[in-house]
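Feature list (source: TrEMBL):
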type: ACT_SITE; residues: E209; note: active site, proton donor/acceptor
type: BINDING; residues: H145, D152, H212; note: Zn(2+) binding site
type: COMPBIAS; residues: 132-145; note: compositional bias 'Pro residues'
type: REGION; residues: 123-149; note: region 'Disordered'
type: SITE; residues: R108; note: site 'Transition state stabilizer'
Amino acid sequence: MASPSKDDSLLASAEQSLPSTFQPASLPIPALTPESILLRRAVPATDTGEPLTQIRDNGIPVLHNYAQAGWRHAVDQQWLRADALARLRQAAATLPPSFGLAIFDGWRPLALQRELFDAITPNSAPDAEHPVAPPSEDPAEPPPHLTGGAVDLTLTWQGTPLPLGTAFDEFTDQAMTTAFENLPGPVRTLRRLLYHALRRQGFVVLAEEWWHFEFGTRLWSSLTGQPTRYGPATP
């Protein structure tokens, strides 16, 4: 029998540390609507003028994945809209002891969105949905990260970022947010913990990416029925 990997052992230890009475980790993630369907019924983006706020750690570290991987248009600082960041901090505050959040990516410039879109192609049928939002310059249909209302993140345990079943930007079936709902174990438990912590602060998750959450965007509006809050933004 193969021995557990380092990641498996880390996830198991994190799961075992959860208080037995901590309910969010036991609540299922509901069935989720695919992004393509949500965006077909989404309204045009509007903007409330809420400012972008730089993320300065404060207990939520930024991992700078794209900059460290050498993407040409990656930025070395990160921003979110002020209310989205406040809600994110509140979500982190509700997690059990030893748990936290770490950010892969927040506001993303259009140049990086275009670079990612051009580099990452669907790995299935030619007519498959592209895993990266198109670099639209239409202010009514901005890429979610360009609005400052989308954030890619994961849980941390004892300060270590947790790989919840896949790596960040691993566009596979296992990256689907509900991919582990029928597989009891640490990945299911910890994805549930992340989902409910963010959902209770008003965020919605992308069905195709367990790490991708949005607030105030067109996808968020489509799911919640509330008016959009964020259009394209620049720090």
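In case you wondered, yes, glycine gets a Cβ from its N, Cα and C as well.
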Candidates H145, D152, H212, namely the binding-site residues, that fall within 10 Å of R108 (site 'Transition state stabilizer') by Cα distance: H145
Residue pair H145 (Zn(2+) binding site), E209 (active site, proton donor/acceptor) - Cα distance, angstrom, rounded: 14
Which same-chain residues, if any, lie at least 6 apart from E209 (active site, proton donor/acceptor) yet have Cβ under 8 Å of it: D152, F171, A175, T177
H212 (Zn(2+) binding site): secondary structure state under DSSP, collapsed to three categories: strand
Residue distribution over DSSP helix, strand and coil in the compositional bias 'Pro residues' (132-145): 2 helix, 0 strand, 12 coil
Protein Cβ atoms within 10 Å of H145 (Zn(2+) binding site), excluding its own: 26
Residues near H212 (Zn(2+) binding site) in space but at least six apart in sequence (CB under 8 A): A150, V151, D152, V205, L206
Densest Cβ neighbourhood among R108, D152 (recorded positions), 10 Å radius: R108
